[in-house]
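Here the structure is laid out as structure tokens; the discussion comes afterwards.
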Amino acid sequence: MDLNPFDVNNSVSCRLTSEIPEVCRTEDCCLGIDEAGRGPVLGPMVYGICFCPVSKKEDLKDLKVADSKTLSEPERENLFQTLDEAKSYVGWALQILSPNTISTSMLQRTKYNLNALSHDTAIGLVQFALDRGVQLKEVYVDTVGPAEKYEEKLSKLFPGIKVTVRPKADSLFPIVSAASICAKVARDRVVKGWNFAEDLGEVDTDYGSGYPNDPKTKAWLLKYLDPVFGYPQFVRFSWSTAQTLMDSKAVSVHWDDDEEDGEKAAQRQNNRSMLSYFGASAGGNDQNGTHQTHRYFTDRRLKSLNTL
């Protein structure tokens, strides 16, 4: 599994795939879908699919794949290696959803919640397999939201394919267990080798499980909260845990908007509106001489002009 395409720019999402086994293009196939990292406040969420011919279901079962949450990290790594070595009849694909992608999706003006993002990612992976020529006849999915509605949605999108959506599908169907292992191994590797784009010096990587209720994770979030710029992109800033810490520990910011006059709103909070800079006299100084030009402008020898 080459994670380099994601490591180059981990602020965006990335798809990784195995080679498509030729037998999957000629025989009826089953496909499983599962994810890893839905709940943590740190790191990406990874969606995985795994597929093989229906005639090879027993062979897959003999590989002793199991729900990734019941396995230790070394066991998952060994099973992923076993799956990868069975490339003559097993294929996989992963969609790594970066923390930045998750947070910006959830906080955009038109709300796009995690369930909708999860559904669209799973649908995209099924469509990818079909586009690559995999002869899908059966799809098994670990549910997100009500299982019956999700199953109906997928059945309408992919007519002719038998879709089965179940809670805990990763412990019921070996093909979903295989997808679960692929997704979990990818997430573990990404988190362990995260490339911080921000200049944080030597980063403490003891961030615990990444789940919001983990004391180690909470301590890490407090340690790396910048009072002005917030969190590095490793953090899902749309999570309530991160937002609560920013509200209580970071500098409050007033944004001018269209709903009220910016100057009045700023004055009410005993603050200066950013628009007031442009009302300063030429040379960057107020008439009363109380305005101190920000260093950003003085370093670049920038001045405001009254006329052009």
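A Cβ is built for glycine as well, from the same backbone N, Cα and C atoms used for every other residue.
Keep in mind that TrEMBL annotations are predicted by a computer and have not been checked by a curator.
Note that the structure is predicted; figures quoted are calculated from it, not measured.
Annotated features, as they stand in TrEMBL:
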- 28-251: domain 'RNase H type-2' (DOMAIN)
- Asp34, Glu35, Asp142: divalent metal cation binding site (BINDING)
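Around the Cβ of Glu35 (divalent metal cation binding site), the same chain contributes Met45, Val46, Tyr47, Gly48, Ser118, Thr121, Asp142, Val144, Ala183, each under 8 angstroms and 6 or more positions distant in sequence. In the predicted structure, the domain 'RNase H type-2' (28-251) carries a mean pLDDT of 91. For the binding-site residues given as Asp34, Asp142, the lowest number of other CB atoms within 10 Å of the residue's CB is seen at Asp142.
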